[in-house]
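As written in TrEMBL, here are the features:
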type    : residues : note
DOMAIN  : 39-134   : domain 'HPt'
MOD_RES : HIS80    : phosphohistidine
Amino acid sequence: MASVSQLQRQFVEYTTSLYNEGYLDDQFTQLQKLQDESNPDFVVEVVSLFFEDSEKLLNNLATALQQKIVDYKQVDSHVHQFKGSSSSIGAQRVTNVCVHFRNYCEEKNLDGCLRCLQQVKHEYILVRNKLEALFRLEQQILQAGGSIPMME
């Protein structure tokens, strides 16, 4: 069993890597700063809502792009929503793909939109898996009697 200090060091190293690799940006730090004793699960709850919304948006995007006549305004609306929600939790790489995706919507470029859909799904799954791992590490620290290190 890892000690609290080992788990905390792992947490700091893992979190740092998420920022360095561009998965997260400062918005995630801002989200963490809103969490306190009165709302200890704030970040997990907000990110869980992001996961639920993202699944729906990805399904809506896939459906919209499979239509015989693609409504690019509708596709762009879904992408805009996805960009906003990913940006609000600091999912930087998802947000960046959404920017390109919106450009393809504007150009009414179906191939570009389909490529971006695959790319945004890929980035979303990566960030979801990485955040779930981060939350598991937080739980291990708390269960071992430690506190979560604050990132600067």
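Here the Cβ of each residue, glycine as well, is placed from N, Cα and C on the backbone.
Mean pLDDT across the domain 'HPt' (39-134) comes to 97 in this model. Its own atom aside, the Cβ of the residue listed as 'phosphohistidine' has 14 Cβ atoms within 10 angstroms in the protein chains shown.
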